[in-house]
Structure formats: structure tokens, C-alpha cells
Amino acid sequence: MRYYVLDRGDQLSVDLSESFHKLAAQQGLQFDAKSPDIVVSIGGDGTMLHAFHTFIDQIPSIAFVGVHTGHLGFYADWKADEIPELVSMMGGHAGSGFPKPRMVRYPLIELEIQKKSGTSSYICLNEFTLKGVDGTVVAQVDINDQMFEMFRGDGICVSTPCGSTAYNKSLGGAMIHPSIEALQITEIASINNRVFRTMGSPLVLPKHHHCDIYSKKEQNLLLTVDHINLPMDDLISVRCRVADQKVSFMRYRPFPFWDRVRNAFLG
Ligand code: NAP
């Protein structure tokens, strides 16, 4: 098995990364920076976002595993002191009594950006957001080519089920089990009064629906794709839908989503 390790860059993560390589060599795992079968992220959930985007062109052929240097995360289900056990399982040399590894596949969002200066496309693991840089965002939201609402406010967040526990949650969105192929649209501080009106509630769209967000004035916007910031001063529109491709995570032991949620938010 070919593997790659991406760490957060802090001393602890770098040290853990080095000890991972030593253990991996003992298990006969092969380091491959170009086309690994498994990418291990060591750091936090944020590090997994970096790992995902580093290998964005190979998503169909890669499975991710996360090690957390602090508390357990949504993408990082192994603790630092469990690395020997993880490497053993990756090498297939773990003792009896361990469950068989399982690959889980979770939905992503694809977005097509149209600017006066050209088009581009992205895939997100957590979410994308469109925010105002120097004032209120004015944007028309269409669902399945029908005008839905005219949005005025700080911005709009569109999240995957995996990202529903991240920024989306801070915005009052629902937490969605990642086995559900959907995207969720949440508002960031919308203006609602006698003149301006938005739905106000988060919207959950199924896989076969799409949403277009049209910029409705000359405005400086910031489009974020997970941790990536893309300033936009000539945006025409963003089209988004649940992507055809999915992200794969290798589960060497069970850690159900609702256990993660309880663990992260209720302690
Ligand atoms: P960051 O601002 O350094 O970290 C944001 C926090 O979000 C970290 O604690 C991170 O966990 C956590 N996180 C990331 N993905 C998550 C997930 N799927 N479920 C639950 N928590 C998650 O930024 P970053 O590390 O570059 O991560 C970018 C992400 O930050 C964005 O995708 C967005 O979801 C999130 N964000 C949240 C808010 C908010 O809640 N108000 C605002 C902006 C951005 P770790 O500590 O384990 O890395």
C-alpha cells in the first residue's frame, strides 16, 4: 500500500509524522507523494481540508485517514498515541479482534464560478461561502432555474453534510448525516424588514437540484472554498450542486457520526 502523510506543520505534528514514517517502513508500507492509496492527515480537521485540496485531482482513487493532535475531530478519528495501532492496521498486521477496515464515501459540492474575466470550478469538502468585503452582499438566489429570493446581508454559506458541523452549524444550520446526498444553504446575517425579505431558514437541497447565486450589483466579494479565500471583484454567478464524485475515508474502526457530534459538542 502506498501512503502519504500531510501534517499541520507544528512541532508535535511534524514529530508524529516522522514517527509515522518509521513505523510505516517497519510495516512495509510504501511512501508515495505522487499517487498514494491512502493520505494520512496529522493535525486537526483543518489539516484534512488541506490534504483534500492537495490531492483534489485524485479524489476518486484516494482514501483519507485523520489523526488529531488535540481532541478527536470530525475528519480525524485517531489520537496521537494511537499511531502505532493505526499503522499496524494499515499494514494489515493488527492482532485479531480488530474489525475489518471499511471505506466510507461522503458527498461533496461542486461549484462553477462565472466571472467577467472567465470561468472556474471547485469542489468543497466542508462548504463554500460568498461574503461581502466592503458592504452588504446583494445576490439573487435561484433554485432549479427559478428565482427563489433576493438576498441582502453579510453572505451565504452552502455546506456539505460533512461541513454541516463546521461553519454551517455556527449559522444555525442543521447537522446532516453524511450518508444523505444533499447540500445546505444558510444565510449569514440577512437583512429582513418591510422592504427586504429572505426565507431566513436553512434550505436543504437533494442531489438532483441545483442552485445559482447571481451577483446583483458591482461589489467586491470574497468566495471561500473550505479554507481557500478567493477575492472576486467581477463575479457574475456561482452554480452549485451535489458533486458526482465523493470523498472516501478509510475507517479502521467504527466511530459513528452521532458519536462524533456528541463527543465534539456535548463532551
Ligand atoms: P480555522 O478558522 O483555523 O478553524 C475552524 C475550526 O473549524 C477548527 O476548529 C476546525 O477544527 C473546525 N472544523 C473544520 N472542519 C470541521 C468540520 N467538518 N466539522 C467540525 N469542525 C470543523 O480554519 P481552518 O482550519 O482553515 O478550517 C476552515 C473551516 O473553518 C471552514 O471550512 C469553515 O467550516 C470553518 N469556519 C468556521 C467559522 C465559524 O464557525 N464561525 C467561520 C469561518 C470558518 P480543527 O481545530 O480540528 O482543525
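Backbone N, Cα and C atoms are what each Cβ position is placed from, and that goes for glycine too.
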For the NAD(+) site, TrEMBL lists ASP45, GLY46, HIS50, ASN126, GLU127, ARG152, ASP154, THR165, ALA166, TYR167, ASN168, LYS169, SER170; sort out which one of ALA24, ALA25, ALA189 goes with them.
ALA189
Lowest local Cβ density among ASN168, SER170, which the record lists as binding-site residues, within 10 Å:
SER170
Given the binding-site residues GLU127, ASP154, ALA166, ASN168, SER170, find the one whose Cα is closest in space to the Cα of ASP45 (active site, proton acceptor).
ALA166
Looking at NAD(+) and its recorded binding residues ASP45, GLY46, HIS50, ASN126, GLU127, ARG152, ASP154, THR165, ALA166, TYR167, ASN168, LYS169, SER170, ALA189, figure out the farthest C-alpha pair and report it in angstrom, whole number.
31
For ligand 1, list the binding-site residues among HIS50, ASP154, ALA166, ASN168 whose CB atom is within a distance below 6 Å of it, in sequence order.
ALA166
